[in-house]
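Shown next, in structure tokens, is the structure this report addresses.
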Amino acid sequence: MALSELYTKYNRVWIPDAEHVWKSAEILKDYTSGSNYLEVQLEDGTELKYALDTANGQLPPLRNPDILVGENDLTALSYLHEPAVLHNLKVRFVESRIIYTYCGIILVAINPYKQLPLYGDAIIHAYSGQNMGDMDPHIFAVAEEAYKQMARKNKNQSIIVSGESGAGKTVSARYTMRYFATVSKSGSKAHVEDKVLASNPITEAIGNAKTTRNDNSSRFGKYTEISFDKSYQIIGANMRTYLLEKSRVVFQSENERNYHIFYQLCSSVDDPEFKNLRLLTADKFVYTSMGGRTDIDSVDDKADMMETRRTFSLLGRSRSPAAIMSLSGKSASSFSDYHLGVFCELLDVSAEDVSRWLCQRRIVLVAETVVKPVPQKRAINARDALAKHIYAHLFDYIIHKINTVLQFPGKQHTFIGVLDIYGFETFEVNSFEQFCINYANEKLQQQFNLHVFKLEQEEYMKEDIPWTLIDFYDNQPVIDLIEAKMGILDLLDEECLFPQGTDQNWLQKLYNNYLDKNALFEKPRMSNQAFLIQHFADKVEYQCKGFLEKNRDILPEELVEIMRVSKFHLLSDFFQEEELGLTLNRGIKVRPARPSVKPANKQLRTTVGNKFRSSLYLLMETLNATTPHYVRCIKPNDEKLPFEYDSKRVVQQLRACGVLETIHISAQSYPSRWTYIEFYSRYSILMSQAELGLNDKKQTCKTVLQRLIQDSNQYKFGRTKIFFRAGQVAYLEKLRSDRLRGACITIQKHVRGWSQHRKFLQMRAAAIIIQQTVTAENLKRAWAAVVIQRYVRGHLVRQVYQLVKVATVTIQSHTRGWLARKRFRQVETAVVLQKYARAWLARRRFQNIRRLVLNVQLSYRVQQLKKKLEEQSRENHGLLERLTAMSNARVQDMDKLQKLEAELSKLANEKISLEQQQKMNKEKKKVFACNANIFICVRIVENNIAIQKKDHEKEIEALNVESRKLREENVSFQKQIEEQGEVTQDLQEQVLKLTKHVKVRTKGCWLHHLTITFFFLLEKITEVTKQLLGDINDTEILLASDDIQQISEDGDLLFAYEGLKKATRSVLAIETHYQTQRENFEREVQSLKFQIEHIQNENSQLQKLFQEENDVNDAIRQEVARLTTENMLIPQFKQQVSELQRQKHELEVQIAEQACEFEEQLDVKDRLIKKLENQIKSLLASEIASQTPAPAIPKEYLGMLEYRKEDESQLIQNIILGLKPRGVVVNMIPGLIAHILFMCIRHADYINDEGKIKSLMRAIIDSIKKVVKTHQEDFDMLSFWLSNTYQMLNCLKQYSGEEDFMKYNTPRQNKNCLQNFDLSEYRQIISDVAIHIYHQFVTIMEKALMPLIVPGMLEHESLQGISSMKPTGFRKRSTSIYEDTEACTISSILQQLSHFHSTMMQHGMDIGLIKQAVKQQFFLVGAASLNGILLRKDMCSCRKGMQIRCNISYLEEWLKEKDLQSSSAIDTMEPLSQAAWLLQVNKSTDEDAQQIAKMCTELSPVQIVKILNSYTPIDDFEKRVSPSFVRKVQVRTGSAQLMLDTQYRYQVIFPFVPSPQALELIQVPSSLKLNFLTRI
């Protein structure tokens, strides 16, 4: 099918756009041949007529179907062109948040400007061992591919990382080296991997700087060779650098910085170690402050300095930082006397000489030498040249030292090189550095094009497809323009040879040689100081200013001589090496007849351009000798915003880095390539029944394709793949969509027809029923019934209305009456309220007057009470003094008691020492003497105690007398308080009488009597007030009386209370003071009571102590009497002992005499036994012949096995070391070996032989360890010994004699418990051995299961016909699902699990231990499957979720079949189950987001977001997850862990399970060859 036929209605195309580069549009009308325009509609709804280029016949690029957008490999796209690549990268980066994408052999890495959880050790292990197409694109996948090809083909590899500054080249190169260091860990102690990684911070410190585009830009190229040995472990590394930007040392543009090391040193200015360097802050130096800001946001230079120093120490070079710091002083020095002096002091050179030759120059003529001063500008240039030279030498020196540390003994087997080199650069002002960088990129692009061309040719030859020449861009002309003979570099070197050569002269030579003669060289229109070169990526304008100076890179010879004689050896070595190199390059030196003119500079022969060209040749030779892998880093925007995509910047970099060239080469021939299995699975819907019936799938694909696409030139059949021209896959997708759409329409048609037909049949049946039942008579009856119903309903409604009306009228009448009565009661209530209100006012006035009178009375009585309280307080002070004296006396008594107790303890100690002396003395006289001394001491002690007791009793009596006196005084105080209370009651009674007297008065004469009473009381109040308030002067009293007189004249008695406020305030104060004193007094009395009680308690304690002393004395007396009687019996005991010894000696003599007789008797008995055995055999033979068995005599065994000490090694050999789990009867009884060993242990315990039991336990443990170590990969052996070790542990617990374990035993088993030894320590050791066996056992199972999990759980189609494969592009998957060989399925996993289970059951393993092992394996299946989903975008689809849930149900059925539901193994797969559910659920609305947050509790937010971003529709009917929905789900907080740790192990538990097996019934099988064991 022709490509122009695809421009039909509803198809979409890409049209150019100034802002977004390309914009999508939908075709509104089919394109006809010869048309000048194309009617399209943009995504915003704008319709336009897009003009076509009729001259070239080019149509706008077609847009790929949405089903192909977002693929891992750009070569999987049907339409391969620039807008398709740009859009696919945008969809993956912005919507799916995926930064890596394959483009054939290239890995495109877009800098996210954000830390992502993609580089942990778990992800490294996930990619380790995987083929490149099996997982999502990743930098680790490229590193693994390089490592795998090196190991398989024994060929060196290279990883070329390139890109613009700020695109992430350095980080990508660092991650590749980290991957190699992790997957190829060596067991040596050299830690070469750590040293390789440690070189990165050092090179970044001395070679990276901040630019306008990148805060950590590498200003040099670096090629790191990581060397491997024959076992492919890292043994060393070597680093080569290219074109260090030396000019940055002396000049930086605005918003840029110098190299990081200078700022790190300046930030450590306060460090004591750097004081001698005379450092200042960075803004004080010219070289570090040219760019403006000296710091970088979110970068701590001081912390980076500590990291740099740490890595220097790790590499073993502790002196290198000092060298850097020393040289930084000169590099940062400005041209002043102070800084010049510091510079010379640090480098140990002559300040006078340096100053002289910086400001002067020497001209050597034929006859004389002239010294001439130079201009300031030239002096500054000389200073800058010196700084650049020293820094360049320092840089090379550090790289050399790093290589020295990373050197390795021996010979490398292979290596992997990582090239971190600058990408194509173009700035507003491009100089010599950009020219060299772009020259290097031209060479790399040429090598890349040839490699891609070669791979394409190999692919065609491999598939037996005719190879046709492909037209691609060849940049050899540009390279010739630069490096060929008389090229730009040669002309530059030629101009540098002339002392008076200038940049303008060189530029004029370029104009003369290439202008109008080479299409790749141009002259700018508006400038005579620049030239243009058409590079493969873009046209670049170079300014010629500075080319010669930078290419020469000269330094005055006088300054070189000064540096050479420096006493700072590091500096002098730099220039000595330079002289040595020049001398070696000269060859044989011939002395001329007459002196020649000394050249001004010895370095003219080797220019920078020449050196760079030579190093570039060596690099290209290395790369051509290796297998290259390409990583292209892309910078998505210049503002460094996370996940922001600037199409203009991205497409510019894609054109520059060769990605689009790869697409162009692929699109020239057959870009789309599908395997036959992929094609058959995807497009089986387009096949007929006859074609599906063919057994040969390959032939079926050919037949279908020939029928669908008539033009055979649009596709080619290879051996394993089908090759398609551009657009053919999109055409097939269109046919597939049309077929699916037609099938949907057919299904809808039949369903709707069936539904309508069903409704028609229902209506037809209803009509027939109506027709059958309805007649004219029925209609009349129905009408009559309706009329009757109408009248009856009317009558009923009228009745209800009448009832409601009567009820309403009744309610209204009652309501109105109630309201009238309520209004009347309100009027009557007002009168009553007035009456009570007036009465309340009158009562209030009376209460105020009564309160005034009571206050006056109380004030007088308070004064009296105050005097009494003062007297009582004085008495209380006296009592307190007496109590204080008593407490002091009590303290003295307590001291005496403590002294007595000390004497008692001393006597008790003396008694103990006396008892010991009594035991040690064996002679009777000494014993009696000791007893006498004891009696004397006891008597003395008794007398002392009696005397002290009498003294204490006297003191106690005195204390009791004093306490009685205190009680009496307390009683008297209480009486006084009661008397005062009575006085108070009298005052209150008088007040009550006055109030009663006032109430008796009549209402008419109330005012008159009250006035008289008031004046009468006023006089008394005045007198009392004068007595109480002696400090108030008479004037105030007179004023008060005047106020009262005025009150009486006015006739308002209520204001009398106001006139007496001043007097009552002092009365109230006195009353409160009295109350506080009373409360204090009560507290003091209460404290005295407590003290008395405390003294009484102490007295009782003293009495108890005296009683205890008496008891001790009685015990001493009894012990002395007992010892006396025992000492009298000692001679009798001695006689008995001597008699027993004599009898023992006689018995030993008798035993020795009878030993010979016993041996003779044993020989006789042995002969008798052999004779009886022969008779028994003859009897057995006769019984078998007669078939009349005789009853056997039962024997009772003790459950022990006896063996000799010398048979221990044979026992261990036969039952442990030489035992094989298969082919013997050891599996008949679970844990038979453990029971046999324990029965041997029981016998050693029974005979109480400690040495034998220790030797046997050590031999058992060591032998089991040895067997496990020898067979650590043998699953059967590990299962067998895990079961027996666990059974041995249970036996040691069951028969230990501990109550916690014995309660599970039978009475017979309790008789078999150990009696003499405690083996709890050995139980712990055996438990540790069992844990070790279990972990090794689980590891073996994991190794067997791991290769089956992803193919069986994720890739295999458990539900046939649901999944639909999609093309994978250049990176084909290597798993078996695309091959004709047998694939791993869920049945493979179940079979492996069944094998594990049957083996464990066969060896009698406890069911609890089996459940733990199964749970661990289910966790591995769930974790590995979930990790596979997270790292494989093609697994994130709705149909794949259905497959996974189906597989989980199979595993659950297996658990039910094996009766292992209680193991909670299925719970470990909950994260996988939730992930499968997440793939199937709707993902569009807020309710969906809430449901996801509620259901996916076992998934972390990072995992949920990763699955949603990776969700890939299989068909056009599905929709992608929108970024807005992902943001809704992302709100939830939680763990930031992406991958599950497949190495995680659940803690193993060995529960105690008593064995029901009786030891007495166990028999040793003869196959074990343990005839030397004897059942007891």
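Each Cβ is built from the backbone N, Cα and C atoms, and glycine gets one as well.
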Match it up for me: which of 110-132, 616-638, 1421-1443, 1490-1512 does TrEMBL list as region 'Actin-binding'?
616-638
What range among 207-241, 942-976 does TrEMBL describe as coiled coil?
942-976
Tally every other Cβ atom lying within 10 Å of the Cβ atom of Lys169 (ATP binding site).
27
Taking the centroid of the Cβ atoms of Gly163, Glu164, Ser165, Gly166, Ala167, Gly168, Lys169, Thr170 (ATP site), which other same-chain residues have Cβ within 8 Å of it?
Asn111, Asn214, Ser217, Gly423, Cys633, Lys635
In the structure shown, which of the binding-site residues Gly163, Gly166, Gly168 has the fewest other Cβ atoms within 10 Å?
Gly166
Under 8 Å by Cβ from Ala167 (ATP binding site), same chain, sequence gap 6 or more:
Ala109, Asn111, Gly423, Cys633, Ile634, Lys635, Gln653
What does DSSP give as the helix, strand and coil breakdown of the domain 'Myosin N-terminal SH3-like' (8-60)?
0 helix, 26 strand, 27 coil
Name the residues of the same chain, 6+ apart in sequence, whose Cβ is under 8 Å from the Cβ of Ser165 (ATP binding site)?
Thr211, Arg213, Asn214, Ser217, Ser218, Tyr422, Gly423, Glu425
Just jot down the residues in the same chain as Glu164 (ATP binding site), at least 6 apart in sequence, with C-beta under 8 A of its C-beta; none if empty.
Arg213, Gly423, Phe424, Glu425, Cys633, Lys635, Gln653, Ala656
Go ahead and report the DSSP secondary structure tallies for the region 'Actin-binding' (616-638): helix first, then strand, then coil.
9 helix, 8 strand, 6 coil
Thr170 (ATP binding site): tally of other CB atoms within 10 A of its CB:
24
